[in-house]
Amino acid sequence: MRRATIPSPPSTTTTAPAPNMTDQVHGQRHQRSALVVYGSETGNSEDAAHDLDRMLERLHFVTRVCEMDRMEINDLSTFTVVFFVLSTTGQGEFPRNARKFWKSLLRKRLPPGCLGHVTFTSFGLGDSSYPKYNWSARKLHKRLLQLGANEIYPRGEGDEQHEEGIDGTFLNWSADLRKHLLSAFPLPDGLEPIPEDAFLPPKYFVSVDTSSSPSTTTTERRPGQQSQFVPKPSQDQLDTLESSTSRDHANPDPSSEELPDMSTLVLKKLWQEPVIHESNAEDGPQLKEPVAGDQAKDIQLPSEDCLPIPHGYDAYLATNFRLTPPDHWQDVRHLSFIIPADIEYLPGDTMTLYPKNFPEDVQALIDLMDWNTMADIPLSFHSNLPDYQSPQLISGFELPHLFPLDKTTLRELLTHNLDITAIPKRSFFQLISHHTSDQMHKDRLLEFANPTFTDEFYDYTSRPRRSILEVLQDFPSVKLPMKYVTSFFPVIRGREYSIASGGHFKEPRDPRYEGMVQVHLLVALVKYRTVLKKVRQGLCSRYIASLPEGARLKVTFNTNDKFFQPAFNNPHFPLILIGPGTGIAPLHAMVWERKWLSQSPRFRSVDFGRIVVFYGGRNRKADFLYERAWEHPATNTTVYSCFSRDQPEKHYVQDLIREKGEEVCQLLDQGAIVYVCGSSGKMPKAVRHALVSVLEEHKSLEKKDAEARLEAMEKGGKFVQETW
């Protein structure tokens, strides 16, 4: 089988040459040039990079923004100033679109002063709940200085855990940077910075193809419509699945070498109706009780058209049902996909789903903006970039993650590519303020765009989780020009989910799908009630909840070799797996992958180490996810569980670790590898503190020595944290 590849822009794209600043640009000579490069996984660094770009444009810099991997080292010195904006992902790793550039900086043949003509500064985006906070940005900063680059302004760091998120430090850092740039690169006499209330034309725009008529080739998908390839379970399998919901269902014969079907072993299916009621973490700000009348409505679903995503695979949804009971506050889904391709994945890998907007929301926006006459005519894409940096547009070079359908229409672009229900950034208010004829509306929009009014901005956007579409409905005088649609709305980014299947569960049991690959996801749907008492849904959660069995999707796989590698290379070591809530998904894959390895010829002579799982939920009867999976003795797994709401005093996994402290220390002495998976924030820190405390108590270590032991485990790959 082929290992799943990481999505990247099409190979037809080439790195555009950097401009020579002595060249004529639009008939003028430019000595003020700025390059803003970013490395981003979720889009936060990309957003910050574009904020810097707009600030630099207003200071009359000729600017370019691109992914870090799109630049060559030799091109950096051709810009007056280079700005690096970089996130840290996983265990202190670089984002995928920055790893190629980082490797090029590590080449041994690079002389120490090779970047002596490069002037730079940098900003890192991180999450202090991770041990290696802002690790990538710090490593990049150090390496640039080693190679002789000149830092023009001190680097900044943003923390996702700050009460105002990344903005908590980025806004002040960028404001001070602006002052410094005006001092270091003063404007010529008579030239002033472009005012904040002046409209900066976006670099990209679209137009209708006047040679085409309204599209008649695209048919919208009707509710319940399925693809020709429908991998639905047989009636016998469905009958077996129904019988598995009973707690009195007999366990499979432990002596049997053949593992039972996933439906009879792993899935404790308490409910199967596609009720929409969502959450994402054990103790996040989600709904704490079901919403009355919250049943799925009979609504039109998005079309089934699949985008031309690089390295994408067609996947067919075999099952989509709710694991938690209907009266439980959290809707956790088990999704099973059949993929007709020869691919391989490992525990720790993720599968990315690409959600779509619903037709009713798309039509509401089209009506609001008066775009009906042009909504179904194919579009053409254009660039306002200077000639020297004009890319092959919509090839992933300057507009990553935007992969429209061939001859896409505005309606299709809004459905498949642009996130009209995202929570707006400050820059959105700045942009749309130029397109209203109502002075009161304009003044209010500019207030939201002004960092001085931070509380007002968060009170209006983040705290009530108000969407872009709702903002435009609140300000009906705003009429956006269709040509800048790709600049007004962010691109819909795929949502990564940890794969929950491993070992034998990668193979479909149904002989009709022989040679195909099966993938299981454990997804907690996001739905919450805001401070305004309004129920909100996540875009992907709403999309997933609506998907019928047999639906066809385009998916991509993302590898994470560092996750499974320690366990694979050291099968005799015990595993301590800590995963509250849906954090159990990759750990479930780990357990069954190890079971499968133990039966393979290569490892039959190996005495595999024990597996101890620490699981936490709210209620044993409602969200003991994959409870019956652990009953199979062949996995050599012991599960310790706790449920925070089943007794007056809350009980969490960190408390469970302390209770089992002596056993934990014994496992650590045997070389145990520790995995921590689940929601970021308080949980990983609390788990780490619990491990330190048990080492203090049961190994008589000083706190600093206990912490040093965990740090040594991290460096040796024996403490792995994967949180989100």
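Using the three backbone atoms N, Cα and C, a Cβ is placed for every residue, glycine included.
The shown structure was predicted, so the numbers you read here are calculated from the model rather than taken from an experiment.
If you check TrEMBL, you get these features:
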| type | residues | note |
| --- | --- | --- |
| BINDING | 40-45, 87-90, 125-134, Glu160 | FMN binding site |
| BINDING | Arg465, Arg495, Glu496, Tyr497, Ser498, Gly538, Leu539, Cys540, Ser541, Trp724 | FAD binding site |
| BINDING | Thr582, Ser644, Arg645, Lys650, His651, Tyr652, Val653, Gln654 | NADP(+) binding site |
| COMPBIAS | 1-19 | compositional bias 'Low complexity' |
| COMPBIAS | 209-218 | compositional bias 'Low complexity' |
| DOMAIN | 34-178 | domain 'Flavodoxin-like' |
| REGION | 1-29 | region 'Disordered' |
| REGION | 209-260 | region 'Disordered' |
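The Cα of Arg645 (NADP(+) binding site) lies closest to that of Tyr130, out of the binding-site residues Ser87, Tyr130, Tyr133, Glu496.
Residue pairs drawn from Thr582, Ser644, Arg645, Lys650, His651, Tyr652, Val653, Gln654, the listed NADP(+) binders, are separated by up to 19 Å at the Cα level. Least crowded of the binding-site residues (Ser498, Thr582, Gln654), judged by neighbouring Cβ atoms within 10 Å of its own Cβ: Gln654.
Closest to Glu496 (FAD binding site) in space, going by CA atoms and restricting to the binding-site residues Asp127, Ser644, Lys650, is Asp127. The Cβ of Tyr130 (FMN binding site) has Thr88, Gln91, Gly92, Ser680, Pro684, Gln721, Thr723 as same-chain neighbours under 8 Å, each 6 or more residues away in sequence. Cβ environment of Ser87 (FMN binding site): Gly39, Ser40, Glu41, Thr42, Asn44, Ser45, Pro95, Gly124, Leu125, Gly126, Ser136, Ala137 lie under 8 Å away, each six or more residues apart in the same chain. Taking CA atoms as the reference points, Ser541 (FAD binding site) and Thr582 (NADP(+) binding site) are 14 Å apart.
Across the structure, Arg465 (FAD binding site) and Val653 (NADP(+) binding site) place their CA atoms 30 angstrom apart. For Tyr652 (NADP(+) binding site), the spatially nearest entry among the binding-site residues Gly43, Tyr133, Ser498 is Ser498, judged by CA separation. The DSSP secondary structure for His651 (NADP(+) binding site) is coil. DSSP assigns Ser541 (FAD binding site) to a helix.
Pairwise Cα distances among Arg465, Arg495, Glu496, Tyr497, Ser498, Gly538, Leu539, Cys540, Ser541, Trp724, which the record gives as the binders of FAD, peak at 25 Å. Fewest other C-beta atoms within 10 angstroms, among the binding-site residues Ser40, Ser541, Ser644, are seen around Ser644. In the shown protein chains, 13 other C-beta atoms lie within 10 A of the C-beta of Lys650 (NADP(+) binding site). Put simply, of the binding-site residues Gly90, Asp127, Tyr133, the one whose Cα is nearest the Cα of Thr582 (NADP(+) binding site) is Gly90.
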